[in-house]
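First comes the structure, then the notes that go with it.
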Amino acid sequence: MSKLGALLTICLLLFSLTAVPLDGDQHADQPAQRLQDRIPTEDHPLFDPNKRCCPPVACNMGCKPCCG
């Protein structure tokens, strides 16, 4: 009976360790998706390279930094 109890305890410990996500766990696709969704400012079609900023209309579309 003690062998069965030890086996049950080991199985419960292993299951509980794998079932609970750790704090540092992230889905593998999240960083890649964030990079895909982000448009670099210099590549934004409304970015003004002479002023090195975006007009206020483009700021609503994610272009940073904003002019004025």
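For all residues, glycine too, the Cβ spot is worked out from N, Cα and C.
The disulfide bond recorded by Swiss-Prot for CYS53 joins it to CYS67 [selected from CYS63, CYS67]. Note: Swiss-Prot links CYS63 through a disulfide bond to CYS54 (candidates: CYS11, CYS54). The most densely surrounded of the disulfide-bonded residues CYS53, CYS59, CYS63, CYS66, CYS67 is CYS63 (count of other Cβ atoms within 10 A of its Cβ). The recorded positions listed here are CYS54, MET61; among them, CYS54 has the most other Cβ atoms within 10 Å of its own Cβ.
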